[in-house]
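Heads up: the structure comes next, in structure tokens.
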Amino acid sequence: MDIAIQHPWFKRALGPFYPSRLFDQFFGEGLFEYDLLPFLSSTISPYYRQSLFRTVLDSGVSEVRSDRDKFVIFLDVKHFSPEDLTVKVQEDFVEIHGKHNERQDDHGYISREFHRRYRLPSNVDQSALSCSLSADGMLTFSGPKVPSGVDAGHSERAIPVSREEKPSSAPTS
């Protein structure tokens, strides 16, 4: 039996068979016209894809950077306060969990929860890890790298989330 596998790039081109925002992270934030009638955007022009990249960039997608000197994770958590977030390190992984109870917004009541897990490079100094939340809701998790051959230290511990009053300097891609 052959199963057709479709690349995510073409997923939105199928219009009404794959609703763009009905079941993703934006659930409960209200719908736009093209969410209910996604095939209309393709009638304007076959090259017009309004929500393809906007949805990806605004859906809480994280950015991981690992260069020679440091390891950094940027994660959009604008709907969560520092009290709603838990960041902990277990072995070679960092786990970021966010949950807020049901609260009222413009469209009714909503509760949110997410869980992300990232593998830390083996040369990240786990004793010097830090995590901060900017005023615009960007969580930044970072840690310096140590030279090869130096013990980076591995232990299970919680990382406190500090609040910054200035907006994030993270790229918006």
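Going from the start of the chain as shown, residues are counted 1 onward.
Every residue gets a Cβ built from N, Cα and C, even glycine.
Pulled from Swiss-Prot, these are the features on record:
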- Met1: N-acetylmethionine (MOD_RES)
- 1-63: region 'Required for complex formation with BFSP1 and BFSP2' (REGION)
- Gln6: deamidated glutamine (MOD_RES)
- Ser45: phosphoserine (MOD_RES)
- Gln50: deamidated glutamine (MOD_RES)
- 52-162: domain 'sHSP' (DOMAIN)
- Lys70: N6-acetyllysine (MOD_RES)
- His79, His100, Glu102: Zn(2+) 1 binding site (BINDING)
- Gln90: deamidated glutamine (MOD_RES)
- Lys99: N6-acetyllysine (MOD_RES)
- Asn101: deamidated asparagine (MOD_RES)
- His107: Zn(2+) 2 binding site (BINDING)
- Ser122: phosphoserine (MOD_RES)
- Asn123: deamidated asparagine (MOD_RES)
- 144-173: region 'Disordered' (REGION)
- 153-167: compositional bias 'Basic and acidic residues' (COMPBIAS)
- His154: Zn(2+) 3 binding site (BINDING)
- Ser162: O-linked glycosylation site (CARBOHYD)
With DSSP, how much of the compositional bias 'Basic and acidic residues' (153-167) is helix, how much strand and how much coil, in residues? 0 helix, 6 strand, 9 coil
One of the binding-site residues His79, His100, Glu102, His107 has its Cα closest to the Cα of Lys70 (N6-acetyllysine), namely His79
Looking at the recorded positions Gln90, Ser122, Asn123, Ser162, which sits with the largest number of other Cβ atoms within 10 Å of its Cβ? Asn123
So of all those recorded positions, His79, His107, Ser122, Ser162, which one's Cα sits nearest to Lys99 (N6-acetyllysine)? His79
Sorry to bug you, but what's the C-alpha spacing from Ser122 (phosphoserine) to His100 (Zn(2+) 1 binding site), rounded to the closest Å? 32
According to DSSP, collapsed to three classes, what secondary structure does Asn123 (deamidated asparagine) have? coil
Residues lining the Zn(2+) 1 site besides His79, His100, Glu102 (CB within 8 A of their CB center) are Phe80, Asp84, Lys99, Asn101, Arg103, Ile110, Ser111, Arg112
